[in-house]
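Lifted from TrEMBL, the feature list:
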DOMAIN    A:11-65  domain 'SKP1 component POZ'
DOMAIN    A:108-152  domain 'SKP1 component dimerisation'
């Protein structure tokens, strides 16, 4: 461990498309999945991450390095997360949330989920369908039945679909 | 996020991620996702957050000329809403279950079923707030609590305008090993309550507007914040972590004796004085030192300008580290004599105070405000900001009146405030 040897321990992560990445152990253990491997002593060689591609893993590692460089200050961490996610398109966010889920990184998962929810907030059903390309495969009768069953969700609701 | 996306990536995300996303929306918005497509029909039913928020309706009721009539129309709709969600809900556990509406004991059987539902799903945060238009004689009574045997997961419990007995509170304290926050407001069934025990992990206790105690004993080693009315029988001991205290008291003497054990550790003190008697004036000097106090909030719900000045001065004098001072003052006299005694009493030099906030219903203007702001300016050389909140007051006001009040406050106070001090009128 870093504290014993005086030099930071580095881990090697391998994406599912065989890209290799070096990352400081202190940053990588933000992932509970990786931390468990380290604690169980299975992080000696290369750690294969079968559910994450190279492009996403590179992004996640940028996040790991960035956030672990910030001292324990929740506000600064939050503003780093906001900035980190601000320019990501939905494709990337979807990849990130899946990776965060697989790597068990609750802080990143929370941030990405919140970001996706933010897009849906105060928007009409039609707007959300268009924005995310959701295919509506209800028949008109089925849709009317679901709307009737969930009538309460439309009461007192104002949507803001302009932006 | 880019425009339309043909392959409908979002619908391909696993259920638990979609549930995580929609759990961050309001319950109505989450429920509305059911209409997106069949893939989404049941996703919302797995949300562990059931917050039955009807703020828009509550606001309408507040502003309505006959609130009670509107409640008669809206309450059954609210109850039906909760019932239909409870019937549809599928998640095995609940993080949050919040009811906030004017509901009286007519709905007793529904409310009891909701509680049983929430406890059967190991709810972590439970709120039952029946709001303020309900006559206490018609409050919902918390039923035989032994039926809530599965309350082990409870971390926060809030019961407002609900009849709760001391036995029920003590049951929850005994049976919920994780309970950190407890709020019981406006209940009228308490007699002798003990919030005590070596295994209590309670951090926040709020017993505001609950007056009928004969005795109240608080002995909680992890308690950090406490809101309570002072009564004769209040006994506080073994609260080494307590830093944030809110009290309502009829007398300063009662306050000092009740909390003598924790004055020196307080960081935030909110002190609401509801009536004045001769004793008050002579007791002011007896406040113990509060070396750690950073925020002081005085809610002065009584008349007597001189007495307020003396109270303010003696509290600030005993708080050398004070950074923020807030005063809420509505029962002021229209005219005040510029009395020498009062001016001399306005002496509490303190260089740490940075922010002063004055909350008052500016429906009328009094010189008192000028004197108070002048007193603060004269004593607090390090002051950086003055906030005047004119929105305070019992009755809701329309937008035109709000603007008028703000203008009155600005015109009255701005001339005396130096330019280097930020002046904000709310």
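Every residue, even glycine, has its Cβ placed from backbone N, Cα and C.
Helix first, then strand, then coil: DSSP counts for the domain 'SKP1 component dimerisation' (A:108-152) stand at 33 helix, 0 strand, 12 coil. DSSP places the residues of the domain 'SKP1 component POZ' (A:11-65) in helix, strand and coil in these numbers: 24 helix, 12 strand, 19 coil. When pLDDT is averaged over the domain 'SKP1 component POZ' (A:11-65), the result is 88.
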